[in-house]
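Engineer: The feature domain 'UBC core' is assigned by TrEMBL to 1-148. What TrEMBL records for 85 is active site, glycyl thioester intermediate. Residues annotated as region 'Disordered' in TrEMBL: 148-182. What TrEMBL lists as compositional bias 'Acidic residues' is 156-165. TrEMBL lists 166-182 with the feature compositional bias 'Basic and acidic residues'.
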């Protein structure tokens with residue numbers, strides 16, 4: 001088995017060699033943004049998000065932190081911080097998984113099959129359970145408003161480097177993660 005740092009480097013390279021746009025943060029390989037497109041034949045189709053990835057020193061033995069930078073309307077994604085509630089990343093991560101699994105399987109599955117019974121966004125979960133058609137319409141509105149290619153490209157200038165992460169923590173406890181609607 002290779003060392004965690006070699007595995008991290010290989011996983012990041014595999015992601016970069018695939019169809020994903022990967023932008024390193026602070027010239028490091030432990031923090032980067034990935035351009036992620038909504039799954040086809042879903043209300044998220046056509047949406048483009050910038051997803052922040054932070055790899056812990058113990059990666060792949062410890063899961064990456066994942067968070068949407070531009071807004072997304074989803075029961076299992078915190079609207080303000082972009083934190084993701086996804087068991088396979090937060091609780092049942094395995095070194096067998098890699099970053100391609102995150103972007104080609106886990107995140108598309110999250111968007112295709114939300115779990116409204118374990119929400120980070122109570123409004124999205126409630127609407128999904130009450131009126132699925134209205135929920136899907138609101139998802140499309142968010143895609144049109146916040147998830148176009150230019151939104152993903154511009155979102156970094158709107159966020160500081162110490163915003164929230166997928167485990168819900170913020171490096172600066174006195175800052176509020178995310179931004180309110182104008």
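Each residue, glycine too, has its Cβ placed from N, Cα and C.
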Engineer: Taking the Cβ of the residue listed as 'active site, glycyl thioester intermediate' as reference, which residues of that chain separated by at least 6 in sequence fall under 8 Å from it?
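Structural biologist: The list for the residue listed as 'active site, glycyl thioester intermediate' reads 76, 77, 78, 115, 118, 119, 120, given in order along the sequence.
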Engineer: Could you put numbers on the helix, strand and coil content of the domain 'UBC core' (1-148), residue by residue per DSSP?
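Structural biologist: DSSP composition of the domain 'UBC core' (1-148): 56 helix, 24 strand, 68 coil.
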Engineer: Take the domain 'UBC core' (1-148) and average the pLDDT across it for me.
Structural biologist: 93
